Amino acid sequence: MSLFDWFADRRKGQYVANVKQEPDEGDGLWSKCPECGQVVYLKDLKLNASVCANCGHHHRIDSAERIALIADPDSFQVLNADLAPVDPLGFKDRRAYADRLRESQASTGLRDGVVTGLCRVEGIPMGLAAMDFRFMGGSMGSVVGEKITRLIEDSTARKLPLLIVCASGGARMQEGMLSLMQMAKISGALERHREAELLYMPLLTHPTTGGVTASFAMLGDLILAEPKALIGFAGRRVIEQTLREKLPDNFQTAEYLQEHGFVDTIVPRTQLRSTLANLLRLHGCKPMELTSA
């Protein structure tokens, strides 16, 4: 059997990725919690920041919902909204990268997988980036990296603290080295932000993996995480096969990482804005007017 035939067999279903599938969440009016099975009215779930009132499970939310939970009302100013990805490599796997981009843009209304801007949190100005897992798994390509880098540089110039909400499967393979170099570019911008003695906090949400974890997600002065978020670099099964040993059941969860010193604090979504405001005040940040972006 040739190598090509070997891969073809696996594409037919002999190899199944170890991905936990989300259960059906209802018909648009109701949502079923994947953790406890509780069926809840969708409007009630949204009013509770998409957190299950029965078990505390944090449902996945998009970038717009995330920004609304963090920023003071009407305070968010979008930056670099006109940046959009291209296909410099002409990449094609099962489908062309250009087709995947068009599909994600149509389904999400976004140009790429992150929204960046300036906002206030209880009157305190800061830079804010919110990654959106709906857009190609929140993967980090050249536009995601450029928008985050520009936000960091703008926050540094304005002497503002910074929060990046991470939700990503890692570097975008369809862009090859162009995506991988974003790790170093963002890290360099964060170092200049640190040299200016400014506060940077990443918020690790479910999931935060791959090249995002290996770069800016772990470079914060304070590393925050949502409860039970999946956080890691390589997949659990890959690690088990490499080490040839069974990993703990809670391995790569926010709680496991906090226990081992990789996460500073776990913040329930319903307490996020007040917690951020307290942390900003503790670091000497004060309410002030935010000039236009």
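Glycine is treated like the rest: Cβ placed from N, Cα and C.
Swiss-Prot lists C33, C36, C52, C55 with the feature Zn(2+) binding site. If you look up Swiss-Prot, you'll see 29-293 marked as domain 'CoA carboxyltransferase N-terminal', on the strength of sequence analysis. Feature annotation from Swiss-Prot assigns zinc finger to 33-55.
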| field | Intrachain C-beta neighbours of C33 (Zn(2+) binding site), sequence separation six or more, cut-off 8 angstroms | value | V39, V40, C52, N54, C55, H57, H59
| What are the DSSP helix/strand/coil residue counts across the zinc finger (33-55)? | 6 helix, 4 strand, 13 coil
| field | Position of peak Cβ density within 10 Å, selected from the binding-site residues C36, C52, C55 | value | C52
| query | Other residues with Cβ within 8 Å of the Cβ centroid of C33, C36, C52, C55 at the Zn(2+) site? | reply | P34, E35, G37, Q38, A53, N54, G56, H57
| request: Average the per-residue pLDDT over the domain 'CoA carboxyltransferase N-terminal' (29-293) and send me the rounded value. | output: 97
